[in-house]
Amino acid sequence: MEKSITNSPVLSILSYCAASILMTVTNKYVLSGTSFNLNLALLAVQSIVCLTAISIGKSFGLCKFRSFNADEAKKWFPIALLLVVMIYTSSKALQFLSIPVYTIFKNLTIILIAYGEVLWFGGSVTSMALASFVLMVLSSVIAAWSDISGAIAVSGSATTTVTALNIGYFWMMSNCFASAAFVLYMRKRIKLTNFGDFDTTFYNNLLSIPVLLIASLLFEDWSPANLAVNFPPESRNLIFFSMVVSGLMSIGISYCSAWCVRVTSSTTYSMVGALNKLPLALSGIVFFGTPATFSSVSAIFVGFVAGIVYAVAQIQKKKAEAALPK
């Protein structure tokens, strides 16, 4: 029974969807303050909390994963490094962009992963999948136009607003490339190492911590003045609590990502992310008061349709492959 649950594609997909929504909303809350600039420190805290929690779980027999092995760690380190780049660029993008825009642009990762599978795993792209890619790009264009025009209308300063959003789009595109590289490389390495889901979570977080801490100490401002700005007395305890909660949330997204990739495929994993964009984008409107304009809702809808078209394309592709003579 337990084995059938851990190998269930449907359950892994639903769990990944729930975890990604919780993680995005929690991170957006922590990063929503314009003064917060210790992104690497936040990510280090998340990894430390996640590693501590699964280690406690292992000691109580709640989960199992391999003991540390230097040779395995050396082989897994590039993936952990890609994970650091992925979550850092994600946190920077969330600082500058609203959740709906962020989630719509994440669709572009699917295109990169699909063509990555063509190059490295002998995959193929059907005409229907190509049509979904066009819709994904269209939804991103609509979202960007809506975001820029809406922000200018609110602030009244076109130059400052466009500059800030351009920074956000730069981090967003960087995140798309990092996410695609992470998913593709992790799928290949999981097959070679035969890692379980908690093995992946353990090594991802363990190897990320020193990289994040060193990078934070080198590149972020740890002066008393900046710490006071990042953690003002009136909200300090709430920020600390939110950072710990986001770390606990990272267990869910880290485990569910590895689980979903293992029991499905990297392309299905990215497709699920696309279908998950509708509730994820709506969470930004519900929890953070993102304006629900005609253009922003249209962008969300087009992005959602793109995900459905892509899902249908993948189903048809699987049926066609199954019909081929063995």
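Residue numbers in this text run from 1 along the chain shown.
Yeah, the Cβs are placed from backbone N, Cα and C, and that goes for glycine too.
If you check Swiss-Prot, you'll see Phe231 and Lys318 are listed on opposite sides of the membrane. For the transmembrane segment (292-312), the partner stretch with the highest count of Cβ pairs under 8 angstroms, out of 5-25, 75-97, 101-123, 164-184, is 101-123.
Take the transmembrane segment (36-56) and the stretches 5-25, 75-97, 238-258: counting Cβ pairs under 8 Å, 238-258 has the most. In this chain, the transmembrane segment (101-123) does not touch the transmembrane segment (238-258); fewer than three CB pairs sit within less than 8 A of each other, excluding pairs fewer than 6 residues apart. In this chain, the transmembrane segment (75-97) touches the transmembrane segment (209-229); three or more CB pairs sit within less than 8 A of each other, excluding pairs fewer than 6 residues apart.
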